[in-house]
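Listed in Swiss-Prot for this protein:
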- 5-189: domain 'Glutamine amidotransferase type-1' (DOMAIN)
- Cys79: active site, nucleophile (ACT_SITE)
- His166: active site (ACT_SITE)
- Glu168: active site (ACT_SITE)
Amino acid sequence: MKELKIIVINNYGQFCHLIHRTVRDLDMDTKIVANTTSVEDILDEEPDGIILSGGPSMERVGSCQEYVESIDIPILGICLGHQLIAQTFGGHTGAGKLGGYAAIDVEVIEEDDILKGLGPRTSVWASHADEVTVLPDEFIHLARSDVCEIEAMRHEERPIYGVQWHPEVAHTDKGEELFMNFFKVCEDY
């Protein structure tokens, strides 16, 4: 695979730098940018893909909704990024049944581009303080768990994906595979 330019949007989550390091260690050109960066400045970077990091609250997502609505390249939302994507397209989020971080067994419902090779079950590290509770109309449900019905999703037409879990942490099995699957989507787009 050729080297791609992946922009990591900093939503002030504790694992943002781990996302950046993982992407870099997988031989991609990567840069962390503030979530207040203009769409124009992001496009000036000529990225092949965008990753929306996790973060503490929806009130601190800056311009992320504008990125999702107006930038036509592959986007992967992680945790809060996943929730933001859902809200942007009319889905709902709410408090999860299991707050805090824990190892979760995820069932892959549909092994699409982003979850290729991860199913039928995979162990992940996730926080469920908040989660997607209602899937947006234009999205396909990809994965679930006993503590969260919507662990992963993707847009029906656009290359927009969301996962509730953290593929960048060592506690997640096959996290690098998920990133490589996303890079393949970026390369093919």
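Indices start at 1 and increase along the chain as displayed.
Each Cβ is built from the backbone N, Cα and C atoms, and glycine gets one as well.
Around Glu168 (active site), a 10 Å sphere centred on its CB holds 26 further CB atoms from the protein chains shown. Counting only same-chain residues six or more apart in sequence, the Cβ atoms lying under 8 angstroms from the Cβ of Cys79 (active site, nucleophile) belong to Gly13, Ser53, Gly54, Gly55, Ala126, Ser127, Val163, Gln164, Trp165, His166. When Cβ atoms from all protein chains are considered, those within 10 Å of His166 (active site) total 24, not counting its own.
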